[in-house]
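For reference, Swiss-Prot has these:
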type	residues	note
REGION	1-311	region 'GTPase domain (Globular)'
DOMAIN	35-278	domain 'GB1/RHD3-type G'
MOD_RES	S156	phosphoserine
CROSSLNK	K207	ubiquitin cross-link
CROSSLNK	K209	ubiquitin cross-link
CROSSLNK	K210	ubiquitin cross-link
CROSSLNK	K382	ubiquitin cross-link
CROSSLNK	K562	ubiquitin cross-link
CROSSLNK	K567	ubiquitin cross-link
CROSSLNK	K573	ubiquitin cross-link
CROSSLNK	K587	ubiquitin cross-link
MOD_RES	C589	cysteine methyl ester
MOD_RES	T590	phosphothreonine
Amino acid sequence: MASEIHMTGPMCLIENTNGRLMANPEALKILSAITQPMVVVAIVGLYRTGKSYLMNKLAGKKKGFSLGSTVQSHTKGIWMWCVPHPKKPGHILVLLDTEGLGDVEKGDNQNDSWIFALAVLLSSTFVYNSIGTINQQAMDQLYYVTELTHRIRSKSSPDENENEVEDSADFVSFFPDFVWTLRDFSLDLEADGQPLTPDEYLTYSLKLKKGTSQKDETFNLPRLCIRKFFPKKKCFVFDRPVHRRKLAQLEKLQDEELDPEFVQQVADFCSYIFSNSKTKTLSGGIQVNGPRLESLVLTYVNAISSGDLPCMENAVLALAQIENSAAVQKAIAHYEQQMGQKVQLPTETLQELLDLHRDSEREAIEVFIRSSFKDVDHLFQKELAAQLEKKRDDFCKQNQEASSDRCSALLQVIFSPLEEEVKAGIYSKPGGYRLFVQKLQDLKKKYYEEPRKGIQAEEILQTYLKSKESMTDAILQTDQTLTEKEKEIEVERVKAESAQASAKMLQEMQRKNEQMMEQKERSYQEHLKQLTEKMENDRVQLLKEQERTLALKLQEQEQLLKEGFQKESRIMKNEIQDLQTKMRRRKACTIS
């Protein structure tokens, strides 16, 4: 059942205390209760640039994230506000407001770089907010983007000869969409006398300079990083909302008191975010919900705190460990529920129980397959198989015990009157043995006619009859109407009957063993069938993701070539060839 969101305001998600980042347990608890998929929008920018105002607008509130009206930075760490998505039913909009970059009070660029990296890692849409035009100063202030190769790893164990830049070639596959918001923008949008849209202005501003000097490289590096890491880009410009003196009361002012152009620009920005920001997903198309976002936050923050680099692959594997373990328990619970509803012990035959087990097992595997992902070496599915086998054996044992109890109770009811008659000496007389045998046959017939005795019916009966052999023999020996020869013949008949019953029981035992072996093979085949289907689906999903990444890289390479940057185009071409090689291997991969 969908969880309800009752966040009346933002809460600190990642605290920044004395330069140390820590996840806030209260915020994590809120995330852990949200089961719906999440669209995560993070905003980053220099302090005192009005980031919080835009986030409050996205939340549909006038107040929430602290605006602050002095040169002092208000937001510390990363703050979170979860609200129902206004355009996507069944989705949650998660707004992440970050502390201002370049706060003079901190004097620690390291800290800013981690905040920037975390915002990128956690979001599906990354908003960079700045004042004025995109000039070199604005680009210099965005040097954090050039730090990402030193702050994030995509793979946990990159090849030994693979450097940070090569590892960063995978960033595009999981990085968010990029939105640049330009505040207090007062210039006309044009280049070479031609009017530009905000998006064209951004593309124009990201053009590279030809040249190999240090100055040229400094100019090009942030632009190259933005183009390479964030292929999907959008730009919005905002006029100054009010006169500078009224900015301090911005959250108290009505829209009618603001510049109409600004009001429309904010509305356009919000509309774009609501309609175009995608659901946060992980490799394999896994949609992020509250518990998954909670796990990502913990994994990344713990990595930073311990001096490691946040790693996308490690974060996904840590999440998979948690979810796959839960998937095993969910599958077992489903199996137990189904067996509890369907099975009535004792079953008439072992096969009846095994058929019910097979149906419930198939459903349990389906539950696991739906709920699991990244099950490296299929360890969790093997664990599920072992637990299901144990559950099956437990049911077989319970079935056996239920049958034994039922049959023992029946024997007591059916045969106790005969035992009482024997004790009373009714059969200790001439011709008594034949009467006894006839009565015994009648009672055995009555026993066989009783329903739902289960799989122990014959064994329990034969054990009972064997325990009464001395009583039967005593009646035989005292019957004076029988000759010694007739007694010998009768003894042999009883022995033969007993031997025949034993042989029948042995046959039955062998048949049960064969049925159990057949069931084990069927279980193995069912696991293999569903696993094969899942692996094929995962392969197709990964190929789709790689094809999307390939298209974006080809587009960027073509643009670099068009602009005349041969060296950068060659680097991109190498990345493309590496990706195409991986895709060819993936396409050729067959599951045997």
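Glycine is treated like the rest: Cβ placed from N, Cα and C.
Remember, it's a predicted structure, so these values are computed and weren't measured experimentally.
Structural mapping of features recorded in Swiss-Prot.
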{"residue": "S156", "record": "phosphoserine", "Cβ contacts under 8 Å, 6 or more apart": "C311, E313, N314, L317"}
{"residue": "K207", "record": "ubiquitin cross-link", "Cβ contacts under 8 Å, 6 or more apart": "R223, E563"}
{"residue": "K209", "record": "ubiquitin cross-link", "Cβ contacts under 8 Å, 6 or more apart": "D216, F219, N220"}
{"residue": "K210", "record": "ubiquitin cross-link", "Cβ contacts under 8 Å, 6 or more apart": "D216, G564, F565"}
{"residue": "K382", "record": "ubiquitin cross-link", "Cβ contacts under 8 Å, 6 or more apart": "none"}
{"residue": "K562", "record": "ubiquitin cross-link", "Cβ contacts under 8 Å, 6 or more apart": "none"}
{"residue": "K567", "record": "ubiquitin cross-link", "Cβ contacts under 8 Å, 6 or more apart": "none"}
{"residue": "K573", "record": "ubiquitin cross-link", "Cβ contacts under 8 Å, 6 or more apart": "Q557"}
{"residue": "K587", "record": "ubiquitin cross-link", "Cβ contacts under 8 Å, 6 or more apart": "L543"}
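Mean pLDDT for the domain 'GB1/RHD3-type G' (35-278) in the predicted structure: 84. Under the DSSP three-state reduction, K562 (ubiquitin cross-link) is assigned to helix.
Annotation note: K210 (ubiquitin cross-link) sits in a coil segment as assigned by DSSP.
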